[in-house]
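Asks: Dumping what Swiss-Prot says about this protein:
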ACT_SITE  Asp99  active site, proton donor/acceptor
BINDING   His95, His97  Zn(2+) 1 binding site
BINDING   Asp99, His100  Zn(2+) 2 binding site
Amino acid sequence: MDQYSNLFAFEDYLGAQARSIPDLPEVDVLSPRVVRVLGGNPGQMQLQGTNTYILGTGAERLLIDSGQGRARWEQLMASLAAEHKFRISTVLLTHWHLDHTGGVPHLFRIFPELRGANAIYKYHPDPSQQAIVDGQVFSVEGATVRAVFTPGHSTDHMCFLLQEEEAIFTGDTVLGHGTTGVEDLEEYMQSLRKIQSLGCRIGYPGHGAVIENMQQKVQQEIDRKQRRERQVLLALQNIQREKRTVGDANGAATQAELIEAIFGRLPADVADRFFAPYMKDILMKMARDKQVGFRFKGGQKHWFANVSQENPVCR
């Protein structure tokens, strides 16, 4: 299992996704230039399914993401194209994950002219695909989008700013419900602040309902991740204090001790497989921020807080 898959098991993510989420229609007209088509792949990770978006008002339309490759999505796309007499001329993929890219072969069946047209774009393109450059502009009648490089959820993640609306297609960087998995926390936080600086009002996410207050949602994501950092720092302080009372002058904690302090006692395979990658990432970010440090002992990193014990971090 890769790090991306592991990340979906983290407590923040699963706790948020466990809450009830609203039903979404398979096809929904969100604005005069945006139609959402569900990917037909509902699940714990995908929520109601992957959102794919048809943009534009003319005979040629732009598509953001292609779902996971489900037959139902192909049927919906073919039906919409026939009914409204349009074709997809450009496909923009937010990132490499299969639930966003798996429908590309289905598009070739619906729109055979796409094959060989150099019209499929991704940050790290597959053979026969084209690269996306940060700031690159794509347009069709009625819709103009600008690519915004937002790594963190994945190394290649792109969001797309819709210039005709105060809106942004967020992919998996910000979801309509709950929070997302993160591969690189430091990059993710930078991407959130980059999105926030754009001042968008509406978010069209890769999963879940439309985000009606984008600025508020992004701030909630920033706050959530910062709370987790504070929790780790507080746990380190407590462990250091406890160890020093029993004569351990260094008082540093292993990653495993931190996981147990924060999440409770877990089966070893669960802690190692699901929580260890998350804890490693957050500790490395905090080390770069000089909030924590580590020393090697017995071949392991032992972590300590770089703050005064007389000034403990608030919960």
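Cβ atoms are placed via backbone N, Cα and C, with glycine included.
Since this is a predicted model, take the numbers as computed values, not measurements.
Neighbours and distances for these, please.
Replies: The secondary structure of Asp99 (active site, proton donor/acceptor), as reduced to three states from DSSP, is helical.
All protein chains included, His97 (Zn(2+) 1 binding site) registers 23 other Cβ atoms within 10 Å of its own Cβ.
In the structure as shown, the Cβ atom of Asp99 (active site, proton donor/acceptor) sits within 10 Å of 23 other Cβ atoms.
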Asks: Excluding near sequence neighbours, so keeping only residues 6 or more apart in the same chain, what lies with its CB under 8 A of His95 (Zn(2+) 1 binding site)?
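Replies: When sequence neighbours closer than 6 are ignored, His95 (Zn(2+) 1 binding site) has Lys122, Tyr123, His153, Ser154, Asp156, His157, Met158, Gly171, Asp172 within Cβ distance under 8 Å.
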Asks: Give me the long-range Cβ neighbours of His100 (Zn(2+) 2 binding site): same chain, 6+ apart, Cβ under 8 Å, in sequence order.
Replies: Thr50, Asp65, Ser66, Gly67, Gln68, Leu93, Thr94, Gly171, Asp172, Gly206
